[in-house]
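Shown next, in structure tokens, is the structure this report addresses.
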């Protein structure tokens, strides 16, 4: 594999890795959750949300374990190759005289020490092994094709949706359409520009500002991640503070049901990917300096996200009546009397997706490399560093320029390809990865082994995936989207 496929780049501390994962998990989906909560019932929705978090965390640990196995197999392969070279060197040494033999003996002692240390750390995650490379290592041809079908549909769809969502949010603000009435592209916006013209300008501006990050490693977005984290937490604090004021002053008007089982399909259709991060874990986890506690870092992310989702949704459904909750929760604050707050919250999708877009783009770029480049060949700079980032950027941006109505694409991307990415691929990767590890590495202990080692977890995850497909399909039929 060309070095650019697996190079790690600069490292960062654990807390930065925590921020990366948190930013990727908490997307605009957090803003669609309150309405789904209200229609499902606060208790039933909470139980379902906890279940979603647990299942998603399990598959996240599967990805980390698979990364460690892939690293170990790579190292073992390299080590055997080096051993062959050492054998050839030994033959030449045998022909030399005593001083050289003594040197050889000393070198053998050193080599044995290196071997022992190397074997003890064989599962250490040193190289970035993307899901695409793991699929090539663990799957047969059919499984490999299924993987790339899922990952490309999901990631291309995500990038297109992100570009549309950011451009629409900026257009609404610029053209004073903060009431969520939709964008009539023929209406005037400012000067000689129509709303449609302004929308396309914002798509282009978004691409120019964030597209360059796709040409580099995820680490280059560190300051962007920290900045957008501050902005999104500020937005969350504003929404929570306003609802706390309403609840504390007795002005709250929300009376959600305890449970409404008829709302389960809709809840799944909206919230099923609220904990998605599996596709980009190699890019975010590998650069962490101290990975010894990586499972706890991920657990901390999931607990934090779960607590935040629950707090945001519960305060929303007890503050606003069900019929007044908007599809996008920030729209409930567009008429708030403090204009700065209503303006700031209308830009929430911009803060959120601006940090996620580069991560998704880099993930797609790396997986396209794994698919299209040969492992044993070195490619010119312009192919490695120019062509593949453009392959990741141009299709979704073009789609965003052509249309702003991506409901159908979002449905296919999230409901079906997303099930494969979040549930099926992690569970099957770890299943076949464990088989490879047993066959080729023997009894070596994987220090990054998932806490969910029992074989039953694999079928449980896949049964859950089937149930998710059924629920979201029902939701598409009900909502006709």
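Glycine residues also receive a Cβ, built from the backbone N, Cα and C atoms like all the rest.
Feature list (source: TrEMBL):
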TRANSMEM  12-30  transmembrane segment
DOMAIN    18-68  domain 'Amino acid transporter transmembrane'
TRANSMEM  42-64  transmembrane segment
DOMAIN    130-442  domain 'Amino acid transporter transmembrane'
TRANSMEM  146-167  transmembrane segment
TRANSMEM  197-218  transmembrane segment
TRANSMEM  230-247  transmembrane segment
TRANSMEM  259-276  transmembrane segment
TRANSMEM  296-320  transmembrane segment
TRANSMEM  340-362  transmembrane segment
TRANSMEM  382-402  transmembrane segment
TRANSMEM  408-433  transmembrane segment
TRANSMEM  454-478  transmembrane segment
The transmembrane segment (146-167) versus listed stretches 12-30, 230-247, 296-320, 340-362: most Cβ pairs under 8 Å: 340-362
Cβ contacts under 8 Å made by the transmembrane segment (296-320) with residues that lie 6+ beyond its boundaries: 14, 17-18, 21-22, 25-26, 30, 33-34, 37-38, 42, 45-46, 49-50, 53, 56-57, 60-61, 64, 236, 239-240, 243-244, 246-247, 252-256, 274-275, 277, 288, 329, 332
Contact set, same chain, for the transmembrane segment (12-30): CB under 8 Å, 6 or more residues outside the stretch: 165, 218-219, 222, 225-226, 228-229, 232, 270-271, 273-277, 280-281, 284-285, 287-290, 293-294, 297-298, 300-302, 304-305, 308-309, 312, 328-329, 348-349, 352-353, 355-356, 359
Spatial neighbours of the transmembrane segment (230-247) far in sequence, C-beta under 8 Å, 6+ residues away: 23, 26, 308, 311-312, 315-316, 318-319, 329-330, 333, 336, 341, 344-345, 348, 351-352
Helix, strand and coil totals (DSSP H, G, I; E, B; other) for the domain 'Amino acid transporter transmembrane' (18-68): 47 helix, 0 strand, 4 coil
